[in-house]
């Protein structure tokens with residue numbers, strides 16, 4: 001009896017269910033798995049940069065809104081024929097800082113779109129490359145400059161209102177330039193430190209300085225967070241003092257003060273939404289007690305971190321009458337909206353004449369004249385400050 005066929009059967013059976021004639025059928029019997037190299041860890045989970053589908057949509061909406069709003073403010077401010085005042089000067093710095101945050105988000109969104117579904121193949125190239133370093137620098141520099149400028153704007157507003165009748169104590173443009181030069185140096189220094197070895201932008205896919213392996217890196221993160229929290233406290237205290245000054249019955253009443261009081265809640269609320277969640281979880285992570293994962297932290301970084309960058313150009317500029325006046329004047333020079341521009345010009349002319357008339361009719365004594373002149377100058381200053389209220 002010939003057993004050759006049986007021997008062949010036994011040899012084939014030893015290989016299990018693998019089908020040598022149709023190997024693709026054997027591959028389909030097991031689900032393909034995504035293998036990440038190097039292996040995923042707490043800082044680099046095996047996922048796309050955005051992490052969630054809704055974040056991919058939100059990040060584009062937010063960065064376009066931030067870039068468009070702040071570019072509009074800068075464009076109108078630079079082309080405007082009106083005199084450059086301290087509030088306008090500070091507003092330009094704030095718009096530029098928030099524009100940096102918008103560009104940072106645009107870079108992250110672009111890389112996420114390009115590497116969608118296979119980010120693990122580009123992770124090392126992106127996180128260790130110049131693109132991630134540039135994005136991280138923009139995020140830290142823009143964030144710190146924005147916080148510094150917001151604090152300066154609030155302090156300048158409080159100083160102006162509480163020293164309403166002391167014209168000589170007003171902040172002048174030269175002083176404001178010196179203050180902002182210091183802010184630029186601080187912000188540039190904060191942004192440069194991770195590039196020279198203090199912390200690192202390459203730790204996570206969002207290119208933020210989350211490296212806390214060394215005591216120096218840990219101290220760097222804690223200092224940034226404490227500065228941001230301190231700035232928020234300064235803003236809140238100043239607005240409370242402004243509100244108390246406006247409500248003082250002995251303080252001269254003005255429509256600009258009423259606008260300030262009405263918008264305080266909105267300004268503080270947006271600052272709180274931007275600062276509080278991120279600062280709370282970041283401080284806990286800096287002390288090596290993380291309360292959320294990197295995946296979940298992306299929700300905070302996309303939805304809360306850029307809140308001020310999106311809201312500031314509208315709250316401090318675009319929604320104000322002074323900005324609309326500048327915008328209409330600009331469009332009038334281009335041949336559009338001439339009737340609107342003439343209306344704003346007429347209102348300004350009538351207001352100036354009314355002030356001069358009041359000065360002439362009430363200037364009965366030297367002391368009274370000086371007081372009225374100071375009040376008029378302050379009213380004019382706050383009218384210009386309307387761009388920030």
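Just so it is clear, glycine is given a Cβ too, placed from its N, Cα and C backbone atoms.
Taken from TrEMBL, the feature transmembrane segment applies to 57-78, 90-114, 134-155, 176-196, 216-244, 265-287, 299-319. As annotated by TrEMBL, domain 'G-protein coupled receptors family 1 profile' applies to 69-316.
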Stretch with greatest number of CB pairs under 8 Å, the transmembrane segment (216-244) reference, 57-78, 90-114, 176-196, 265-287, 299-319 candidates: 265-287
Contact set, same chain, for the transmembrane segment (299-319): CB under 8 Å, 6 or more residues outside the stretch: 50, 52, 55, 58-59, 62-63, 65-66, 69-70, 72-73, 91, 94-95, 98-99, 101-102, 105, 142-143, 146, 150, 153, 206, 208, 263, 266-267, 270-271, 273-274, 277-278, 281, 292, 387-388
Contacting positions for the transmembrane segment (134-155) when only residues 6+ beyond its ends and CB under 8 Å are counted: 87, 90-91, 93-94, 96-101, 103-104, 107-108, 176, 179-180, 183-184, 186-188, 190-192, 194-195, 201, 207-209, 224, 227-228, 231, 234-235, 238-239, 271, 305, 308-309, 312, 316, 388
Per Cβ pairs under 8 Å, the stretch of 90-114, 176-196, 265-287 packing most closely against the transmembrane segment (57-78): 90-114
Mean predicted confidence [pLDDT] for the domain 'G-protein coupled receptors family 1 profile' (69-316): 85
